[in-house]
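Engineer: Checked TrEMBL, it gives:
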DOMAIN    1-98  domain 'Thioredoxin'
SITE      Asp20  site 'Deprotonates C-terminal active site Cys'
DISULFID  Cys26-Cys29  disulfide bond
ACT_SITE  Cys26  active site, nucleophile
SITE      Pro27  site 'Deprotonates C-terminal active site Cys'
SITE      Ala28  site 'Contributes to redox potential value'
ACT_SITE  Cys29  active site, nucleophile
Amino acid sequence: VSDEASLETLTSENTFVLVDFFADWCPACQKIAPDFSELAMNYNDEGTLTFARVDTEAAKDLAIAYNIESIPTFILFKNGAIVDSVQGADLNAVIDMV
């Protein structure tokens, strides 16, 4: 996801959207990225639950809009509203959101 319009489309077309806000230079982001991809492969259910990633360096406006202060940050949207979030590479906490 690279802009607000894309994120709004995702959150309007899916009941739940789990978004990973990351940066390529972030070691913790790199460490959890394969796990996030595996979760997406195992739990993605079009229209119900989908997964997305936002590169905070490429989409700084999104990082600002969602007050991303540390990365990685995972935000769970339900019907377009934020219902949960996790800061840091805590895989168990991310799994609990799914």
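Each Cβ is built from the backbone N, Cα and C atoms, and glycine gets one as well.
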Engineer: Counting Cβ atoms within 10 Å of each candidate's own Cβ, which of the recorded positions Cys26, Ala28, Cys29 comes out highest?
Structural biologist: Cys29
Engineer: If you count other C-beta atoms within 10 angstroms, which of the recorded sites Asp20, Pro27 is the most crowded?
Structural biologist: Asp20
Engineer: Find the average pLDDT over the domain 'Thioredoxin' (1-98) in the predicted model and report it.
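Structural biologist: 94, rounded to a whole number.
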Engineer: DSSP-wise, what's the residue breakdown of the domain 'Thioredoxin' (1-98) into helix, strand and coil?
Structural biologist: 40 helix, 28 strand, 30 coil
